[in-house]
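Over in Swiss-Prot, the protein carries these features:
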type     : residues : note
DISULFID : C13-C115 : disulfide bond
MOTIF    : 81-97    : motif 'Involved in PIP2 interaction'
MOD_RES  : T111     : phosphothreonine
Amino acid sequence: MSWQTYVDEHLMCEIEGHHLASAAILGHDGTVWAQSADFPQFKPEEITGIMKDFDEPGHLAPTGMFVAGAKYMVIQGEPGRVIRGKKGAGGITIKKTGQALVVGIYDEPMTPGQCNMVVERLGDYLVEQGM
């Protein structure tokens, strides 16, 4: 299965009539492996900050997490495995696997829990596959 298929069929899937605003699978260096049509472009320093937060949980909490210049307030995640952010009526979930970052961005009416479920389910599957 291609990385694009994972994005199109597993991340951008419909859940209770809603779907993510955008999604992507990236390498730990920020290289895009696959993305939805309107996924924002991460800046290199944003990826560096995100990877540092996975290594040093809480690193982004004082400043917030930036994605394509948009600031997200970091909310409780799973140290070293999942970072979650909130911005207005939407937010972001990033799941780290051995080789990739699985990213989902949502807006209302999708809920944070629905975004978490979609992103983390695929991330957990990739971890099980050694990815």
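Glycine residues also receive a Cβ, built from the backbone N, Cα and C atoms like all the rest.
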Cα distance (Å, whole number) from C13 (disulfide bond) to T111 (phosphothreonine): 14
The residue listed as 'phosphothreonine' CB neighbourhood, other CB atoms within 10 A: 14
Chain residues outside the motif 'Involved in PIP2 interaction' (81-97) and at least six past its termini with a C-beta under 8 angstroms from it: 21, 28, 50, 53-54, 60, 64-65, 67, 70-75, 103-108, 112, 115-116, 119-120, 122-124, 126-127, 131
In three-state DSSP terms, the structure that C13 (disulfide bond) belongs to: coil
Sparsest-packed among the disulfide-bonded residues, when each Cβ's other Cβ atoms within 10 Å are tallied, from C13, C115: C13
For the motif 'Involved in PIP2 interaction' (81-97), the number of residues DSSP places in helix, strand and coil: 0 helix, 13 strand, 4 coil
